[in-house]
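Q: Got a structure for you, questions after.
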């Protein structure tokens, strides 16, 4: 609704433009006004009418609920037998008894007007889950993911604990240790050594983990603050919010030759993990990073390697063009990596951890025999 003084001002501007030779339609268009609107504003003698809509007489709808019916709705909802039920349950029960007061939507509307549209019953209200925290890694040592997994010990029910940190950009394992306990002190030590080893003490680093007690322990928290590391945690009761670490643990434990009956000593477990880490970082062609090794991507050698692969494929296509129905294999670097990308943005943002999940369980490993590696 346009106030009367604004209407008069607009009409004066248009009249001035028309008197100066402008066309009426063009003058209205310049102000973003429909010509018919201005015509409705003018009264029979050429003046500007007030907007009569605010003061218009609006009779009450004939189907409006009476005040007695509104009171009956409130009284019914507050009756002991209905006090813990929503209108969606109350209205059908009334109908079963042969009673009809108003529709379900009218019940909700009246309760809302009376300030009684609140949750009923003892059940907790539904909670809205926060979306996953997303961080983008455009280079190594920007976003790390870490977790702890159990390694079976020599006796049933005993375990060793593998602490492992992976760089989500390059997939390189940047820190790991095996201990006989699961504590925040050991976690802080692994993080400190990884930061020193990667020489990223001054980098703005994000460390993502789940909500376990070692991840949120006081020692770990203090260490992260001293190192300038930003903490990121999985959402409560969401098991797949730390996918990079989970995928890596699966790769580790399903590598051919990995002992399935446990480790006799902690030293044996440490040797096995060291062998796996060396193979994974330096030999394993990772499917989520165009089948280069994590070390190669971490050192920035990825572009040259993939460019050479592209050249080889182009040469092969030139020799036998009849064997290629379209473009050669895509050897473009994958670019940045997102931690827990939104589903709608996953394709636009690049690759996430889910790319690794279907592929990482297979392939030959450092403990595989000749037949296994050949396969």
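Even glycines carry a Cβ here, placed using N, Cα and C.
TrEMBL labels come from automatic prediction, so no person has curated them.
Here the structure is a predicted model, which means the values were calculated and not measured.
TrEMBL feature annotations, pasted as is:
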REGION    48-69  region 'Disordered'
REGION    115-134  region 'Disordered'
COMPBIAS  117-131  compositional bias 'Basic residues'
DOMAIN    136-302  domain 'Integrase catalytic'
REGION    340-375  region 'Disordered'
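Distances, neighbours, how buried they are, the whole picture for these features please.
A: For the region 'Disordered' (48-69), the residues of the chain that approach it from at least six positions outside its boundaries are 1-4, 7-8, 11, 40-42, 101-102, 106, 110, judged by C-beta separation under 8 angstroms.
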Q: Please average pLDDT over the domain 'Integrase catalytic' (136-302) for the predicted structure.
A: 92
Q: Pull the DSSP breakdown for the region 'Disordered' (48-69) and write it out as helix, strand, coil residue counts.
A: 3 helix, 1 strand, 18 coil
